[in-house]
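Take a look at the structure set out below.
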Amino acid sequence: MTAISLAVIGGTGVYGLATLDEVETRAVTTPYGDPSGPVRVGTLLGHRVAFLARHGEGHSLPPHKINYRANLAALKQIGATRVLALNTVGGITEDFGPRVLACPDQLIDYTWGRISTLSEEPGSEVLHVDFGDPYTPMLRHKLLAAAKVTGTRVVDGGCYGATQGPRLETKAEIARMRRDGCDLVGMTGMPEAGLARELGLDYVCLGIVANWAAGCGTGEEITMAEVLANVKAASAGLPELIGELARG
Ligand code: HPA
């Protein structure tokens, strides 16, 4: 069996990769419980790629109920070493308007009450992993190179602020995040990135900007219809980009 070149975790609006061929479905269980759903492993432009829908294929799991540990452990168990996290996000600063694709290089964690470490259970080894650069620099570099090759516009850098959800933020919360230095806001970036580091997985985020965050841009009310339409439009070139990343 060919090794898995890349694992992709899909976020809101991205529940599968329609372009995968020869798809096998793997129901994986892990020491941390079950992942959000089956892992689909298929061929994309000649490379084996695994796909997992973070919220479940029917979008049944809110961000704080996702078993992030099981999702990442499942991908590791089937042999993945590199993870591309697709995260639907709101844009805060001016370069990050709706339909922009962005590869952030920093994050701030505002989530609470989520199991955020493999060291949770009594008696488990206590891990203090380096997390200064939360996204694997080499994989970021490869994603940006793949974007260049495929002619996909991806903004290089930015700070992702992870909020608790599932509600969207208040304007004051977003104003605070802007003061903190956040460019993007999403609900699922943590603890996923930290757990990937603990598991020794290379991990990169591709933010898909679905809307202006509260009080930003035109300041209009955010609707789910707008979010899904923008994710769909911004995702058109993703299979080619993901195929190119899987190649390198
Ligand atoms: N806030 C948090 N998460 C999001 C948003 C937002 O505005 N849009 C898409 N995911």
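Cβ coordinates are placed from backbone N, Cα and C, and glycine is handled just like the others.
What TrEMBL annotates here:
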DOMAIN    6-238  domain 'Nucleoside phosphorylase'
BINDING   Thr12, Arg54, His55, Thr188  phosphate binding site
SITE      Glu169  site 'Important for substrate specificity'
BINDING   Met187, Asn211, Trp212, Ala213  substrate binding site
SITE      Met224  site 'Important for substrate specificity'
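With a cut-off of 8 Å between CB atoms and residues at least 6 apart in sequence, the same chain places Gly90, Gly91, Ile92, Leu168, Glu169, Ile174, Met177, Val185 near Ala213 (substrate binding site), listed in sequence order. The phosphate site is defined by Thr12, Arg54, His55, Thr188, and by the 8 Å test on Cβ atoms against their centroid, the other residues of the chain that qualify are Gly10, Gly11, Ala53, His59, Leu61, Pro63, Ile66, Asn87, Thr88, Met187. Of the listed binding-site residues, namely His55, Met187, Asn211, Trp212, the sparsest Cβ surroundings within 10 Å are found at Trp212. Maximum C-alpha to C-alpha distance over the listed phosphate-binding residues Thr12, Arg54, His55, Thr188 is 10 Å. Across the fold, the C-alpha of Asn211 (substrate binding site) and the C-alpha of Thr12 (phosphate binding site) stand 13 Å from each other. Taken residue by residue with DSSP, Asn211 (substrate binding site) is part of a strand.
Around the Cβ of Arg54 (phosphate binding site), the same chain contributes Ile9, Gly10, Gly11, Ser36, Leu61, Ile66, Asn71, Thr188, Glu192, each under 8 angstroms and 6 or more positions distant in sequence. Compared over the binding-site residues Thr12, Thr188, the count of CB atoms lying within 10 A of a residue's CB peaks at Thr188.
Among the recorded positions Arg54, His55, Ala213, Met224, residues whose Cβ is positioned under 6 Å from ligand 1 are identified as Ala213. Annotated pair Met224 (site 'Important for substrate specificity') and Trp212 (substrate binding site), C-alpha to C-alpha distance, rounded: 13 Å.
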